[in-house]
Amino acid sequence: MLNLRLEPIRKKLTNPTWLQVVQAAGEEQIELSAKYMMTDKEPELQRYNAFSVVILEVQLDVLTGRYELLRADMLEDVGLSTNPTVDVGQLEGAYVQGLGYFLTEDFVYDKTTGKLLTNDALNYEVPLAKDIPIDFRIKFKYNAKNPKGVLGSKTVGEMGICTAHGVTHALRKCIYESRKDSGYDPKEWINIEGGKRAAGTPRCSTTPMDISNTRGTADAFVGL
């Protein structure tokens with residue numbers, strides 16, 4: 001598409017460089033961007049697999065429900081990355097977006113009118129700078145060129161969102177460790193709901209409130 005637009009420019013110039021072609025096209029106000037939408041019916045379209053694995057360490061205050069993501073290590077199969085800086089940013093953003101989905105963001109509706117109540121920045125809580133993992137490390141699978149992808153690359157963002165659900169498993173592990181110390185059944189299944197309801201983890205820990213230590217914490221280490 002772009003080559004067809006630039007062909008008249010090339011014919012006017014003598015052995016032009018790419019820079020000269022682009023500059024001349026700009027002077028003649030030729031559109032230099034193009035897009036293409038593929039469909040799943042195209043015979044050239046080929047499937048491929050990609051994976052991501054995350055090891056996450058969290059700390060939960062079982063009295064207040066406050067938690068910290070101490071460290072996250074992510075290994076991602078991005079194929080042959082065309083721009084590692086961009087891909088790392090995509091993965092970090094996708095993972096934090098997933099954390100918001102599982103921990104803070106929530107749709108609350110008025111039961112009578114059906115009106116959405118969490119419809120602004122004051123009550124629809126997205127992760128902020130202090131909500132991301134304190135130590136966040138990302139590595140790409142080495143020498144993983146994708147023969148079916150553009151320039152050997154693979155999709156990046158989706159796996160970051162999907163692996164974020166590991167934070168619910170890590171918080172559940174914290175609760176189990178707390179229940180061991182407080183004498184409650186550590187094998188009982190604890191359902192951690194998404195969104196703001198995830199902050200209600202103290203109700204699951206059944207921590208005795210007459211203990212002398214007013215701050216109880218539990219650590220969990222989980223890999224997905």
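Keep in mind that glycine also has a Cβ here, set from the backbone N, Cα and C atoms.
Any TrEMBL annotation is an automated prediction that lacks curation.
Summed and averaged per residue, pLDDT over the domain 'Aldehyde oxidase/xanthine dehydrogenase second molybdopterin binding' (13-133) gives 90. Among the features that TrEMBL reports, domain 'Aldehyde oxidase/xanthine dehydrogenase second molybdopterin binding' is placed at 13-133.
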DSSP residue counts for the domain 'Aldehyde oxidase/xanthine dehydrogenase second molybdopterin binding' (13-133), split into helix, strand and coil: 33 helix, 23 strand, 65 coil
